[in-house]
Amino acid sequence: MDAAGEIQKVASMRLGGSMRGDSGSMWRRGDDVFSRSSREEDDEEALRWAALEKLPTYDRVRRAILPLGGDDGAGDGGGKGVVDVHGLGPRERRALLERLVRVADEDNEKFLLKLKDRVDRVGIDMPTIEVRFEHLEAEAEVRVGNSGLPTVLNSITNTLEEAGNALGILPNRKQTMPVLHDVSGIIKPRRMTLLLGPPGSGKTTLLLALAGRLGKDLKASGKVTYNGHGMEEFVPERTAAYISQHDLHIGEMTVRETLAFSARCQGVGSRFDMLTELSRREKAANIKPDADIDAFMKAAAMGGQEANVNTDYILKILGLEICADTMVGDEMLRGISGGQRKRVTTGEMLVGPARALFMDEISTGLDSSTTFQIVNSLRQTVHILGGTAVISLLQPAPETYNLFDDIILLSDGQIVYQGPREDVLEFFESTGFKCPDRKGVADFLQEVTSKKDQRQYWARHDKPYRFVTVKEFVSAFQSFHTGRAIANELAVPFDKSKSHPAALATTRYGAPGKELLKANIDREILLMKRNSFVYMFRTFQLMVVSLIAMTLFFRTKMKRDSVTSGGIYMGALFFGVLMIMFNGFSELALTVFKLPVFFKQRDLLFYPAWSYTIPSWILKIPITFIEVGGYVFLTYYVIGFDSNVGSFFKQYLLMLAINQMAGSLFRFIGGAARNMIVANVFASFMLLIFMVLGGFILAREQVKKWWIWGYWISPMMYAQNAISVNELMGHSWNKIVNSSASNETLGVQVLKSRGVFPEARWYWIGFGAMIGFTILFNALFTLALTYLRPYGNSRQSVSEEELKEKRANLNGEIVGDVHLSSGSTRRPMGNGTENDSTIVDDDTEVTQRGMVLPFTPLSLSFDNVRYSVDMPQEMKAQGVADDRLELLKGVSGSFRPGVLTALMGVSGAGKTTLMDVLAGRKTGGYIEGSINISGYPKKQETFARVSGYCEQNDIHSPQVTVYESLLFSAWLRLPEDVDSNTRKMFIEEVMELVELKSLRDALVGLPGVNGLSTEQRKRLTIAVELVANPSIIFMDEPTSGLDARAAAIVMRTVRNTVNTGRTVVCTIHQPSIDIFEAFDELFLMKRGGEEIYAGPLGHHSSELIKYFESIPGVSKIKDGYNPATWMLEVTTIGQEQALGVDFSDIYKKSELYQRNKALIKDLSQPAPDSSDLYFPTQYSQSSLTQCMACLWKQNLSYWRNPPYNAVRFFFTTVIALLFGTIFWDLGGKVTKSQDLFNAMGSMYAAVLFIGVMNCTSVQPVVAVERTVFYRERAAGMYSAFPYAFGQVVIEIPYTLVQATVYGIIVYAMIGFEWTAAKFFWYLFFMVFTLLYFTFYGMMAVGLTPNYHIASIVSSAFYAIWNLFSGFVIPRPRVPIWWRWYCWACPVAWTLYGLVVSQFGDIETPMEDGTPVKVFVENYFGFKHSWLGWVATVVAAFAFLFASLFGFAIMKFNFQKR
């Protein structure tokens, strides 16, 4: 019997062969009276190990001894057995982790020490990495001042200039801006390094440089080495993990799936090799490891698993277990909280095997206790397992700060200090600065190099203070003992021979290509399931279109008696091909929206591009069978195509190939354009070229010789030829109609009349071409994703002042007046005698300022507020029986004027939910309880006028500047009686207050892409609300994402606001002592939505501390410890369980609660002689002013949106020139009917394509602005009509220019008749047609919840409009039951107008003697006398769609809160 059999025999002695059987486990527990003697167990254990030892190494490292069957897996309820770790199920993994790390805070260190101990016992060294960087420099090329603003004009001149630079004929006007300047240092293994520095100091650039990830747009010099090896000697992306500050994830995946996918791609590194060696040495030394540790290490070292135990471990230590099976979510899909998303970004890299971690601002949105726990876990890993870590944190609390061994302080791209944490204060004291007692050292370090904050820390009273520049600090550090030690160490190169062979990754990917492909296939299948609605909708849409097509080309109406009737069949075939092509259009949006995540993962070397592109192609093939099947099976017989079954299947086969070709084409365009707007325009353009040169619109003989190559490379030509030959060479058409005229069969005559090759082999040529194009486009898609970089993501422009300041700081000069800050005139704090919060202790002069406008102080009280939502489906699936999930459970409290209240609690306590309920921002769910404003019940309409709400996500119009954003808000929210000068003065004062003066002309931009930094955006959000002069302000996490200095600026703003007598409530996550003690009162909630403290903080938080310390069992606060952190730590659910208490019950029995209840009762009564809030109008400005303001903002946004406007002008011009050259001089020919068809084809193609381009490219623009509209409307700035008015009216001038450019070029080149009337009619129809298309696109966005669905809905109508336009089938040939739609189709009216205005009055006879005018009337049904009516109807369509857009915006709100 082999060894494996022996193991099985031993295991089955007790278990009857069941590897994980449950038999008897219910009553047999660890210390049960029935348990076997420990000796017997030990013997059995020894037997198992002996059997394991006999296995060959490969099998031995795959098997471990685990408890079997115990329900919770703790203890050995079902005895122990040998299990293949590769197949561990979720329950076994959870049980194993539960035994190893029951509580992450307490057990993680013990667990890691056990791992280390096992490795140390056999003398294996852990690989470590020492990172050195010497003389690193980085500078960016930027445009200075207004030339960098992305206006339509600038984008054209800058593009031309860059082309000139590349050719060397124009000078480069860009200037260089220093980002990093001559930085050198050493990052040691087994030490935690904290990277600090104000925003813009170059932290991200330094981390990217150290991780080997610097972008090509930076000029960099200097060298970075790992264990003495240069970056080119190994693969830095896999040796080091860079964790970005931007959270890019696929919203439709759960947290667990996201991390599991990442673990699968990154592989297990050298874990398996180490385990093999470990196993070998243990066997030689006869050492038996701890069974659970052995199982964990073996399971974690197995590559190619869909779920790895390591993923579960990371979920545990990051505190993500609670939301592991929740969707990550995005702006349109509800998912996890911001703090949880941040942890997912961290976890995504931690599940991999990288030994060096460079983490960029990983604590944004986390409370201080969570941050502490995560950093502590990282510290244990780094110290025990020998990792290397550099972590930049924004606002580390003192206890988190103390976890680090080394500090790097960066300012203006230079290292001010690098070395042990213990020496940093000594260094600054040597330069004359001292950190006050109740001040976190990290906060002190962030502020001490800043011009605005430095003065308060000056400690040499014998000398007058003067500003010490960064350059002076840098030179002081070089002569300081720590600086000298680093310089000496750098002088001696690292000994490469000491580098562990497994320390640096040398393979490009973490897993074999086959495994990466499999991982991507699994993910793609998952996403297709989650996005199944899109595919179902697409199939449904095709079904609808096929129903229309088959009733339009109905077989009883379809004759086979002439070449003309054959033309109608050709029309039906052409329409089918076009529909199947258009069906692939939604691939464009699906591709582009997944690209940001793809680029992130590709650059981290998760997988090569081909392993991503192949599944996105192959897995769509089964869907094609269903979609195309639906169309062909429904239409083929009903339209009456050739009745031969072979022709039927050949048509189905060809349509499948066409659909695949179209999907591949759109995926390629999406991958190459990488931006939705550009992709839409480009896709329309490609379709247009393929269609016009495809042989149906313009017959082959009519194609100009300079364009004939286009005909031969158009996929549509091959599709059209193949499908026509398949039908018209069939036996139904194999008859001679008029033998005297021609002895060719009818089918051949029809084919020849349309310039199609009348040979049967063209079916297979066409089919082969479709397959060829499919492969080509997929290959091009793969190449695009392999080599292209993400779309426009670097910062392009800076202001003159900013550049001057950067350069001056580099040279140690001082620019401008130093003492310009609010708060910079505080008295210096010698020896830390000043203890109060520096934020509160501000100049009274500041607090009295900025308030030139009066307001009424208001209080807000709420009693027994409950909020619940419908039970989510996932929870119902897990067996939860309730219909509703209660998020707030009877919360009561009050907020008063002049009192700053902090709303706190751990993640998931319901802080934002409570705030949304009180502010009236919830759009769904069930609210109960009473809310009163100064004693009167709250009415949302009036409340919006007196309140401000600063959202956590800073949503602003991207294309306006800071000053313009504030001007817009003030203009619409301040009362009408405030004149323009007072308004501007007030804005200036608010900008001073929020310290935005230096950024007044900076473009806001999109978060994470361009424009303002997180902290500047946050201050803008506050300023936008402040300029409204509200009485009550809600702020959702105003300091999240900010460093200590920025947070202090924001809190100073908040404090100044409160001191003017306003009511301010802030939710807050991880306040420093400074920030926490700037608050007057605290409203504390626990997870589950119950309050556990509401009351004053007291001096140095004394009241709060006294309350919690009076609860028996709560540990006392340590000296100098942050009360906010202590309070969150002592009130966790774990603490409640340990003490056996419920903090909300304790609070409800306290005297404090009674006092609060009395206060709420008091505030719920109106004051004598007071009256309820009343405003004569809902909005502060008249409708006309609202319209003008919205138009003003839209005007700025459009002018600065070149991806939309410059691109559409460019493409319109290109299309005009193309059409001009393709249809050159065909406008004057009217001798044959085909000449008229050609001229009409030029009109039809232009109308349809430029129209569709406008329609699709306007949608993303409106979708972005709509999210801003939701915020601004909720803030009571304007109603829906003015917004719609602004959005609609601004399109008119742009469309006018677009149509004029097109009209002049095309009219001249095609050679229509040169009379003023005809020219202006042509222009009139083009202008209004482009307008109604644009407004239709806007309407589609207004009527649908998101951009994806809008593009699908609108594309459905393109098809129907195309069909009824009068080109594919003329109106007189349309069956009577569809004739009504010819009158309802806007494109049909446009073509009517264009054809009749050009040809409706021409009396010239054609070759058969019929006057042109008569042919137009008979064949198309177009009468010249109707021209005026036609013009009216076309203009009316534009008006109708614009009105429907306004209506949709007014009635539908798709924001879910």
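Even glycines carry a Cβ here, placed using N, Cα and C.
Annotation source Swiss-Prot lists compositional bias 'Basic and acidic residues' at 28-39. As annotated by Swiss-Prot, domain 'ABC transporter 1' applies to 164-437. Under the heading transmembrane segment, Swiss-Prot lists 533-553, 565-585, 621-641, 653-673, 677-697, 706-726, 765-785, 1209-1229, 1292-1312, 1349-1369, 1380-1400, 1429-1449 (among others). Per Swiss-Prot, domain 'ABC transporter 2' is recorded for 860-1112, and the stated evidence type is sequence analysis. The feature ATP 2 binding site is assigned by Swiss-Prot to Gly905, Val906, Ser907, Gly908, Ala909, Gly910, Lys911, Thr912.
Beyond its flanks by at least six residues, the transmembrane segment (765-785) meets 598, 602, 609-610, 612-614, 617, 653-654, 657-658, 660-661, 664-665, 667-668, 671-672, 715, 718-719, 721-723, 725 of its own chain at Cβ-Cβ distances under 8 Å. Remote same-chain partners of the transmembrane segment (621-641), defined as residues 6 or more beyond its termini with a Cβ less than 8 Å from a stretch Cβ, comprise 528, 535, 538-539, 542-543, 545-547, 549-551, 553-555, 558, 569, 572, 576, 579-580, 583, 647-648, 651-652, 655-656, 659-660, 663, 727, 730. Remote same-chain partners of the transmembrane segment (1429-1449), defined as residues 6 or more beyond its termini with a Cβ less than 8 Å from a stretch Cβ, comprise 1266, 1269, 1280-1281, 1283-1285, 1287-1288, 1321, 1324-1325, 1328-1329, 1331-1332, 1335-1336, 1338-1339, 1342-1343, 1386, 1389-1390, 1392-1393, 1396. Cβ neighbour count for Val906 (ATP 2 binding site) (all protein chains, 10 Å cutoff from its Cβ): 22.
Same-chain residues lying 6+ beyond the ends of the transmembrane segment (565-585) with a Cβ under 8 Å from its Cβ atoms: 538, 541-542, 545-546, 549, 553, 558-559, 627-628, 631-632, 635, 639, 641, 655, 658-659, 662-666, 683, 687, 691, 696, 716, 719-720, 723-724, 727-728, 733, 746-747, 749-750, 753-754, 1351, 1355, 1358-1359, 1362-1363, 1368-1369, 1373.
Other than Gly905, Val906, Ser907, Gly908, Ala909, Gly910, Lys911, Thr912, the residues of this chain whose Cβ falls within 8 Å of the Cβ centroid of the ATP 2 site are, in sequence order, Ser337, Thr913, Met1085, Arg1087. When pLDDT is averaged over the domain 'ABC transporter 2' (860-1112), the result is 88.
Cβ contacts within 10 Å of Gly908 (ATP 2 binding site), excluding its own Cβ and spanning all protein chains shown: 19. Taking Cβ pairs closer than 8 Å, the transmembrane segment (1349-1369) reaches residues 534, 537-538, 541, 544-545, 548-549, 552-553, 568, 571-572, 574-575, 578-579, 582, 585-586, 588-589, 1240-1241, 1244, 1247-1248, 1252, 1255-1256, 1259, 1263, 1336-1337, 1340-1341, 1343, 1378, 1381-1382, 1385-1388, 1390-1392, 1420-1421 in its own chain, all 6 or more past its ends. Away from its own ends, the transmembrane segment (653-673) comes close to residues 576-577, 580-585, 587-592, 595, 613, 616-617, 620-621, 624-625, 627-628, 631-632, 679, 682-683, 686, 715, 719, 722-723, 726, 763, 766-767, 770-771, 773-774, 776-778, 780-781, 784-785, 788, 791 of its chain (Cβ-Cβ under 8 Å, at least six residues beyond either end). Residues 570, 573-574, 576-577, 581, 642, 647, 650-651, 654-655, 658, 661, 665, 689-691, 693-696, 700, 751, 754, 756-760, 762-767, 769-770, 773, 1221-1222 of the same chain sit 6 or more residues outside the transmembrane segment (706-726) yet have a Cβ under 8 Å from a Cβ within it. Ranking the binding-site residues Gly905, Ser907, Ala909, Gly910, Lys911 by how many other Cβ atoms lie within 10 angstroms of each Cβ puts Ser907 at the bottom. The Cβ of Thr912 (ATP 2 binding site) lies under 8 Å from the Cβ of Gln952, Asp1036, Glu1037, Thr1067, each of which sits 6+ residues away along the same chain. The DSSP secondary structure for Thr912 (ATP 2 binding site) is helix. Long-range Cβ contacts of the transmembrane segment (677-697) within its own chain (Cβ-Cβ under 8 Å, at least 6 residues beyond either end) map to 570, 574, 578, 581, 585, 588, 592, 665-666, 669-670, 703, 707, 710-711, 714-717, 719-721, 754-756, 791, 1203-1204, 1207-1208, 1211, 1214-1215, 1218-1219, 1222, 1238, 1241, 1244-1245, 1249, 1252-1253, 1256-1257, 1259-1261.
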